[in-house]
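Everything on this sheet refers to the single structure shown next.
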Amino acid sequence: MLGVINRMAKKFNYKLPSMVALTLVGSAVTAHQVQAAETTQDQTTNKNVLDSNKVKATTEQAKAEVKNPTQNISGTQVYQDPAIVQPKTANNKTGNAQVSQKVDTAQVNGDTRANQSATTNNTQPVAKSTSTTAPKTNTNVTNAGYSLVDDEDDNSEHQINPELIKSAAKPAALETQYKAAAPKAKTEATPKVTTFSASAQPRSVAATPKTSLPKYKPQVNSSINDYIRKNNLKAPKIEEDYTSYFPKYAYRNGVGRPEGIVVHDTANDRSTINGEISYMKNNYQNAFVHAFVDGDRIIETAPTDYLSWGVGAVGNPRFINVEIVHTHDYASFARSMNNYADYAATQLQYYGLKPDSAEYDGNGTVWTHYAVSKYLGGTDHADPHGYLRSHNYSYDQLYDLINEKYLIKMGKVAPWGTQFTTTPTTPSKPTTPSKPSTGKLTVAANNGVAQIKPTNSGLYTTVYDKTGKATNEVQKTFAVSKTATLGNQKFYLVQDYNSGNKFGWVKEGDVVYNTAKSPVNVNQSYSIKSGTKLYTVPWGTSKQVAGSVSGSGNQTFKASKQQQIDKSIYLYGSVNGKSGWVSKAYLVDTAKPTPTPIPKPSTPTTNNKLTVSSLNGVAQINAKNNGLFTTVYDKTGKPTKEVQKTFAVTKEASLGGNKFYLVKDYNSPTLIGWVKQGDVIYNNAKSPVNVMQTYTVKPGTKLYSVPWGTYKQEAGAVSGTGNQTFKATKQQQIDKSIYLFGTVNGKSGWVSKAYLAVPAAPKKAVAQPKTAVKAYTVTKPQTTQTVSKIAQVKPNNTGIRASVYEKTAKNGAKYADRTFYVTKERAHGNETYVLLNNTSHNIPLGWFNVKDLNVQNLGKEVKTTQKYTVNKSNNGLSMVPWGTKNQVILTGNNIAQGTFNATKQVSVGKDVYLYGTINNRTGWVNAKDLTAPTAVKPTTSAAKDYNYTYVIKNGNGYYYVTPNSDTAKYSLKAFNEQPFAVVKEQVINGQTWYYGKLSNGKLAWIKSTDLAKELIKYNQTGMTLNQVAQIQAGLQYKPQVQRVPGKWTDANFNDVKHAMDTKRLAQDPALKYQFLRLDQPQNISIDKINQFLKGKGVLENQGAAFNKAAQMYGINEVYLISHALLETGNGTSQLAKGADVVNNKVVTNSNTKYHNVFGIAAYDNDPLREGIKYAKQAGWDTVSKAIVGGAKFIGNSYVKAGQNTLYKMRWNPAHPGTHQYATDVDWANINAKIIKGYYDKIGEVGKYFDIPQYK
């Protein structure tokens, strides 16, 4: 059970994951139950640990309710949440609501919009809306958006001297007269409700809608804001692009309680919104934000109820972070500002916050990254001011637009395109909105079904409606997703069972309701009488009949899904080509003996084992075949005309002695059906890859709609005379042949590479380029030019700028005596500037004056495969070609006379640099420091047995059918960084070859130079060891140390620094295992695991299960084994040996036992009963199922959350002081020694290490 090991109190409410219990022995460790909720830390800047799972689920559900994207509902009846009220609005004498002060007064003609009025509510969040005009009925939309720059990376374009932003006095005008007052609380029981809906009007060219609201008076002059208003720009629907593995931590005030929003820009002129998001997802451990915005889209990338890592340790627990993606023309920039303002106003409105600029006093709800740097610290970035100024725009203008958007959404000023009343008119007879039902409103999730009675009160759009609307949807079964109680009335929200389309709210007394459990997948055959009715839904009515069972006598019903409604079981399946639901009472299990013999043999396949697996291949159906099968259980297939065509194969299935392929249309998701293996010509296929290559092709060559296409799939023929240009954009390997997709003369299609002429490859040589590279000369282009150069920053320089327009540069000392890539060049005035890029991440750093640099031309990288000897006198291995002494990875002495394996080369000015590997490190060496080997006499040694598991380190290498052969070699790209289990070794011509098994089970030969005994990756943290140690030592709850056994005291700075010193730890053979990647299986042989598990109780001989679990869920095998051994007392605990829970009591002698080997859900109050209950619910009736199922839980819960080493769990170097799993400074050391001990006993070593590096 979780937590049976050392319940000591050194965690201070940090959550310790269940899987970390593997090493929870020794000092200061606590294993809380896996499903226990995390509590918020009381650590000032670290109050960001995820709230309880129930709170999280409730919050996600509530958020989803207000973010449900809907279609345009103008003039359409739609479902609304119970919180939405539709007030009446009066039509008064009107004037033009176009902004008049500092804004053009031209009338803007647009679509007729709904009138709007609103009341505010401080007791519940306001539903998000993205409409900048009067919001339409049910403007529940999704959120999105962010741009990617690592806040913790010092090498960023954002890092600009804060002094470059003038701290002008805060304009009093920004404290607008429209500033939303705090909502007034009512004394009555009915909660106040904010509404964004109004009577929807159909779109037409009718008169402009009228409103009694005042017009907005801009507080700053802005031609761009005027352009936005005059053109009545609309914000796009917010898209959601969430990533499951992003961590979810609460803000310092709790889940769903941000304090404001921060304006960022991406600092990358070349990026796109998709590129930024893609990069962020791959590097989220360093930084991720909530949303990205450009001129066309708003994409929310992380739920705004939880914090993100975008603005430093102080700001992250407080603010929503949103990035502006760079645009390059006036209209696009204006749209992006409109989109950002609308998104920001939506967030403020949703979370009950009012716009309040923090730019000039460090207090408020709207911040720039610069303001966070200036007033809060934890970051030194100054965006977005430089980017905004480059478009003649300012933060004050953006804030004014946010404020206006907010006031429009809150119903305090007139929307754009409407008319306003010059003086409010008092109606002769007061008209007040319908008063909603009184009483407290409660809404809860529900998972049931209901049938609406013939006599009913109708469907309600909201539970506040006085009357429902008549409906014909009676005596049908619907799904129920919510219940709501308002006063004494109870309602159900009903929706279509199959599509999820919501119909509306119905009163409890108007339905027949039943509870329902969630459907589960099954694979079972039953016997069913002909004539039995099938239904479109479980518990269906006569209005939901899907059909009747045809035939005579009993038929076979193949069930694929099951659901319990109240106490009845319903199954979904197929019979004679018809599908539907039927009560289990009408089915007979075919496994049971029949009372009389059946003259015809029963379906033989139902008693055979079915195995199904994914497949990536292609197939052509033979002209003679057995037809297409709807399921592999079918006795006969249906005739098909889809013969002699190429289809994609997505699955293969084996049933009894038959093997089937599932074929689908190659270009669409349309499934064709199952075909027998003997009825097709099958070929393996690799996944298509994007390419950008030009070939020549002869006229008349056929193009096909699919790769390996047949005459029935011709897309056309190449026209013209003589060779034509074929521009390829995609490539796929089918068996051993390559096919390319491209365009020629306006026609597109696939063609075999054999019909294409490949451009000559560049020569691979270390010799100096044939043509001398011209010396770099300064040019002064009028616009920004893309260049390929490389530069060294001089020790004495004038500094770095965010843009060429910055008058004052930030100190550039940190970049001095270092080499960087140059990607852009621009003249400004009489000076020329170039944009330097980070060498490892290709992230722009900033602009330098060329006078501060030594610049050379940079050639194109060329692949090469050559082995060299490093000269005794050399300049070392560098991180970058033409690198300086500050960028040396290995000094000259460390690589002298060593073997350097080159993989690519590039020219820098007149020199050539090669990139390759030496001493297990990769980097650049000047060609002058290398000597090519002399030819050796061919020699071949006999192959000998050799058992060792290596790691494939060169994805550009190959594996071979026979060693030293170029005729049968295949790319290692798909196996890069995967284990390779070697069984033989052979030396041929001085090259060592290893024969072994790839991760997919295939046997192959690989060169020793493409393998490594271990794969170590070094990650730069961007901080010094002193800085991170100071953060840890300064936490409110101090790191702990035992100077006297059993007595805990606060650790001092030196204790922490010593414990965090990665250089020292990496040199220790045992402590190095702090850096072992726990999310990377090593393919340790099952035999070795079983040898180790001998005598370990029920875990004995479970090597196959641990191996399967590791491969399926990407978890280190030793880590899993260690965890299981500690949790089960070496496999002897009753929880591991198994039991059953009957009538809520544990029964250990039952026929069926359920096992729990990781202690999941084994809560302290009754660990055995709770743990067995969980195992029973999960179906773990064997030890192997408990191992595999438990591994899934562990992997999904913690290891994949980013902190995938013991060191990261303890110290979290990406965000020091936050989300750490222990307080004992020796915690990672103790656990690393334990894991190393297990490796030694198994007879293996760790293969994958991830080591943080400090400056």
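Glycine residues also receive a Cβ, built from the backbone N, Cα and C atoms like all the rest.
Annotated domain 'GW 1' per Swiss-Prot: 442-516, in sequence order. Taken from Swiss-Prot, the feature domain 'GW 2' applies to 518-592, supported by sequence analysis. The domain 'GW 3' feature in Swiss-Prot is assigned to 611-685. Per Swiss-Prot, domain 'GW 4' is recorded for 687-761, and the stated evidence type is sequence analysis. Feature annotation from Swiss-Prot assigns domain 'GW 5' to 783-858; the stated evidence is sequence analysis. Per Swiss-Prot, the feature domain 'GW 6' maps to 860-935; the stated evidence is sequence analysis. What Swiss-Prot records for 942-1016 is domain 'GW 7', and it gives sequence analysis as the kind of evidence. The region 'Disordered' feature in Swiss-Prot is assigned to 110-141, 193-218. Under the heading region 'N-acetylmuramoyl-L-alanine amidase', Swiss-Prot lists 199-775. Per Swiss-Prot, region 'Endo-beta-N-acetylglucosaminidase' is recorded for 776-1255. According to Swiss-Prot, the signal peptide annotation covers 1-36, on the basis of sequence analysis.
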Averaged pLDDT score, the domain 'GW 1' (442-516): 89
Best-contacting stretch, by C-beta pairs under 8 Å, relative to the domain 'GW 3' (611-685) and drawn from 518-592, 860-935, 942-1016: 518-592
Tally of DSSP helical, extended and coil residues in the domain 'GW 4' (687-761): 6 helix, 43 strand, 26 coil
Residues of the domain 'GW 5' (783-858) by DSSP state, where helix covers H, G and I: 6 helix, 41 strand, 29 coil
Secondary structure content, the domain 'GW 7' (942-1016) (per DSSP, counts of residues): 6 helix, 41 strand, 28 coil
The domain 'GW 2' (518-592) - residue tally per DSSP class, helix then strand then coil: 6 helix, 46 strand, 23 coil
